[in-house]
Every structure is written in C-alpha cells, then in structure tokens.
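Inspection log for the structure reproduced underneath, given as structure tokens.
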C-alpha cells in the first residue's frame, strides 16, 4: 500500500501450464477455495494472455521511503526463503484487520473510549502490515518467485486494508460525534486509493508522491498512540488559532491531502492516456472509471442522508465496512483491468447490497434498516471474497503456481 512498492516490482516470470492437483497438505484449503469460487472464471483467455504481457512500471519516491529501506532490507533477511511473498502479505493484512475489528467491537459508533491496549494493538498492527507489505516484493525477488499475481495480490490487500485503516483512525479520534466528517474521511481515503490506480489505468505507470501512503500510515500510527496516551480528553481539547476540537485535526489533514493528491491524479488523467487518441491503456475513455467509484459514493451518500432512522449515525462502522467492501471490489477490478488491458463493466454483483438498502428506503423502509445493513454487509463481504479467491486461483492455475507456496521448479523468462 505504500511508496515502497516502487521497489517491489513483483511482475515477474510466467508460464502457462496447468496444475494437476492441490497437493495433499493443502487439499482441504484447496477444496474450500474451489467451493467459494465463482461458477464462471472472471478472466477470459484473452485477458490472461495480456496479463502475461503486463510489466509493472512505477515512478517517484516518497519522503520516508529511503529512510525505511534499511529496516526493510534487514527485515526481509530474517524471513525464511520457503515463505511465499503472498503469505507475508496476507499475514500482515489479517493482523491489520483483526486489530481494527477489536477496536470496532469496543467502539461500534466511533464515539466510545476503548481500552488503551486496543489503540496500541492498532498502532502495532498497522506497523506490522506496513513492514510486511514492504518486504513481500523483496522476498519475491529473493526467492526468484515474482509473478503478476504478486502485484495483483498486493494491491488487492491494500484496497481492503485502506478501508480498515481509515475506519480505525476515525474510531481512535472518536469522530463518530461528527458523522459528516467521519463519512468524508472514510470515503475520501477509499476514493484517493481508487484514483491512484485510475491514473495508472490511464498512464500505465503507478506514480508515488513526496507524501504518500508510507507517510500517511506513520501519521495514523501516531494518532493511535496519542489515543492510547491521551484518551477522550485529548480529542476534546481545542487547537489554538483554528479554534476547532483536536479530533478534527486528522479530518482537516484529510481535506488537504485529498485536494493535493486528487490535483496530481487528475492532472495525469486529463492530460491523456497512453492508448490510442489519448485513451486509457485499454483503449477506453479516461473518464470511464469514474462511473464505478462514483456509483459507490453516490449510493452511500444518498442512503446516509435519506435514512429516517439515522442509519449511518447509529451504525457508522457497519456502514463504512459495507461500502468499503464494495469499494475494495471495484478497485480490484480496476487493477485487473489495468493489468489485462481490458474494459471495466459497470454492472457488478458488488452493488447488490447497496441496492437493497436503496430499494428498502424507496419503499419506506418496510424492513428494519439495521437488519438490511447487516444483510448488505454480509453480501458485500461474500462477493468480495468470492471474486478475490476466484481471480487468484484462475491466475495461479494459468501460471502454474500456487498462491501461498513457492514451487521449487518454475519456468521463467526475463521481465526486465
């Protein structure tokens, strides 16, 4: 998720044989993943072929990345070479998610004070995720196991982590007392991550700025540590000169960061893409990705504002997670569209959950909105998991590799 990905370059070496079995130690997990998979493979043969031709390109370096590189280089040397890069990534993501879910349990409305250890665990969890996310690409090169699946898996985990990171930050500063600000901060974070890959879809190059995700993550770690040390009193204190509560400081930083980042993203997008006549890398309109993230944000805003029972105000964490899973799904599809040089289609099963909420409100909420929100949350989560498992398994099968294990003999060719 961070600027260190510029050094990862996990788009490596391909082969197209198909595996004959899952392997006995992993047979149960393999059967489970087959059960979860979509009935129809998400990628066509032509998309898989273009995936083989994909090359990772990035430019730019964030402010703290050179400082952190020494630590990351040391850390990857401590990892056994039999551990797969994707396994490192998923472990970091699970730690990040679990620590945030614990915080959500104690603060379901983002207004409560959680035990001190929960804030500390979130800070540690995010640091672990940042560190493991930084070394997975290094481990891939170190073990000679770089593939396009690694890049996709990395970005996919980042898209989900973004949801939990922004939610955890809002809980840490008790932003639930200001629901409009909490709504803005969470969806601004998702939107900026989407835009980073939108401009990549247009230009073919992932760009990193001076202030990028590494810096933002460290800022959020500090927020969690302050929450552990200062508690509610800290966030109620007023900021001199600005005369606003301390809890709005992260929100104001989000506004500034959104304006700065989106200005850079849209400058690239509106300059024109690398495709024919200034189109995207897939030859589509540079504005076409707006429909997907725009639909997520518009639906979320309408349901929030039209709710007769203050659905978002009373259940902000459930609400953010529901739409966060939808946002993660469409972001993943954007990354896939870039890597396979293909068009994004607007119709998507990810929108079933939000559609249920919208239709329920349209018919005067004849079903309890809280119940429908839970249904939408479950549907959105299952849809994201099924898509993610399906596409990872399909690509792994096509490249004759395994998602979480390093195969000893892999046919390779130069990707540089």
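Note: Cβ is positioned from N, Cα and C throughout, glycine not excepted.
Note: residue 155 (active site, proton acceptor) has non-local neighbours 197, 331, 332, 335, i.e. same-chain residues 6+ apart with C-beta under 8 A of its own C-beta. Under the three-state DSSP scheme, residue 155 (active site, proton acceptor) falls in the helix class. Look at Swiss-Prot and you will find 155 tagged as active site, proton acceptor, backed by similarity to another entry.
Neighbour count (other Cβ atoms within 10 Å of the Cβ, all protein chains): 25 for residue 151 (CDP-choline binding site). The feature CDP-choline binding site is assigned by Swiss-Prot to 86, 151, with similarity to another entry given as support.
The Mg(2+) 1 binding site annotation in Swiss-Prot covers 133, 154. Around residue 133 (Mg(2+) 1 binding site), a 10 Å sphere centred on its CB holds 27 further CB atoms from the protein chains shown. The DSSP secondary structure for residue 133 (Mg(2+) 1 binding site) is helix.
In this view, residue 158 (Mg(2+) 2 binding site) is surrounded by 25 other Cβ atoms within 10 Å of its Cβ, with every protein chain counted. Per Swiss-Prot, the feature Mg(2+) 2 binding site maps to 133, 154, 158.
Mapped onto three states, the DSSP output places residue 144 (N-linked glycosylation site) in coil. Per Swiss-Prot, the feature N-linked glycosylation site maps to 144; the stated evidence is sequence analysis.
The site 'Increases basicity of active site His' annotation in Swiss-Prot covers 151.
For 89-108 (among others), the entry in Swiss-Prot reads transmembrane segment, with the evidence type similarity to another entry. Residues 114-115, 118-119, 121-122, 124-126, 128-133, 136, 153-154, 157, 160-161, 164-165, 167-168, 171-172, 174, 176, 315, 317-318, 321, 404 of the same chain, all 6+ positions outside the transmembrane segment (89-108), place their C-beta atoms under 8 angstroms from a C-beta of that stretch.
Under the heading transmembrane segment, Swiss-Prot lists 116-133 (among others).
Residues or ranges marked as transmembrane segment in Swiss-Prot: 156-176 (among others). For the transmembrane segment (156-176), the list of distant contacts is 1, 89-90, 92-93, 96-97, 99-101, 103-104, 107, 109-114, 119, 122, 126, 129, 133, 182, 185-186, 189-190, 193, 217, 220, 223-224, 227, 232, 235, 246-247, 249-251, 313, 316-317, 320-321, 324-325, 327-328, 331-332, 335, 384, 388: same-chain residues at least six beyond its ends, Cβ to Cβ under 8 Å.
As annotated by Swiss-Prot, transmembrane segment applies to 180-199 (among others). Non-local neighbours of the transmembrane segment (180-199) in the same chain are 1, 110, 155, 158-159, 162-163, 165-167, 169-170, 206-207, 248, 250-251, 254-255, 257-258, 261-262, 265-266, 268-269, 289-290, 293, 296-297, 300-301, 304, 312, 316, 320, 323-324, 327, 330-331, 334-335, 338; each lies 6+ residues outside the stretch with a CB under 8 Å from one of its CB atoms.
Under the heading transmembrane segment, Swiss-Prot lists 210-230 (among others). Same-chain residues lying 6+ beyond the ends of the transmembrane segment (210-230) with a Cβ under 8 Å from its Cβ atoms: 1-4, 60, 62-65, 68, 116-117, 119-120, 122-123, 126-127, 130, 165, 168-169, 172-173, 250, 253, 257, 260.
The transmembrane segment annotation in Swiss-Prot covers 246-267 (among others), and the record cites similarity to another entry as its basis. Within the same chain, residues 169, 173-175, 177-178, 181, 184-185, 188-189, 191-192, 195-196, 198-199, 207, 209, 211, 216, 219, 223, 234-239 sit at least 6 positions outside the transmembrane segment (246-267) and bring their C-beta atoms closer than 8 Å to a C-beta of that stretch.
According to Swiss-Prot, the feature transmembrane segment maps to 286-306 (among others), an assignment based on similarity to another entry. Non-local neighbours of the transmembrane segment (286-306) in the same chain are 183, 187, 190-191, 194-195, 198, 201-202, 269-270, 272-273, 278-280, 312, 319, 323, 326-327, 330-331, 333-334, 343-344, 346, 348, 351, 354-355, 357-358, 361; each lies 6+ residues outside the stretch with a CB under 8 Å from one of its CB atoms.
Below 8 angstroms of C-beta separation, residues 104, 107-110, 152, 155-156, 159-160, 162-164, 166-167, 170-171, 176, 179, 182-183, 186-187, 190, 193-194, 197-198, 201, 289, 292-293, 296, 299-300, 304, 344, 348, 350-351, 353-354, 370, 373-374, 376-377, 380-381, 383-384, 387-388, 391 of the same chain, each at least six residues beyond the ends of the transmembrane segment (315-334), sit close to that stretch. The transmembrane segment annotation in Swiss-Prot covers 315-334 (among others), and the record cites similarity to another entry as its basis.
Per Swiss-Prot, transmembrane segment is recorded for 349-363 (among others), and the stated evidence type is similarity to another entry.
Counting only same-chain residues 6+ beyond the ends of the transmembrane segment (368-388), those with a CB under 8 A from a CB of the stretch are 36-38, 42, 156, 160, 307-309, 311, 314-315, 318-319, 321-323, 325-326, 328-329, 332-333, 349-350, 352-354, 356-357, 360-361. Taken from Swiss-Prot, the feature transmembrane segment covers 368-388 (among others).
Look at residue 86 (CDP-choline binding site): DSSP puts it in a helix.
A separation of roughly 11 Å, to the nearest angstrom, links the Cα atoms of residue 151 (CDP-choline binding site) and residue 158 (Mg(2+) 2 binding site). Annotated pair residue 144 (N-linked glycosylation site) and residue 158 (Mg(2+) 2 binding site), C-alpha to C-alpha distance, rounded: 23 Å. Look at the recorded positions 86, 144 and count other Cβ atoms within 10 Å of each Cβ; 144 has the fewest.
Taking CA atoms as the reference points, residue 154 (Mg(2+) 1 binding site) and residue 86 (CDP-choline binding site) are 8 Å apart.
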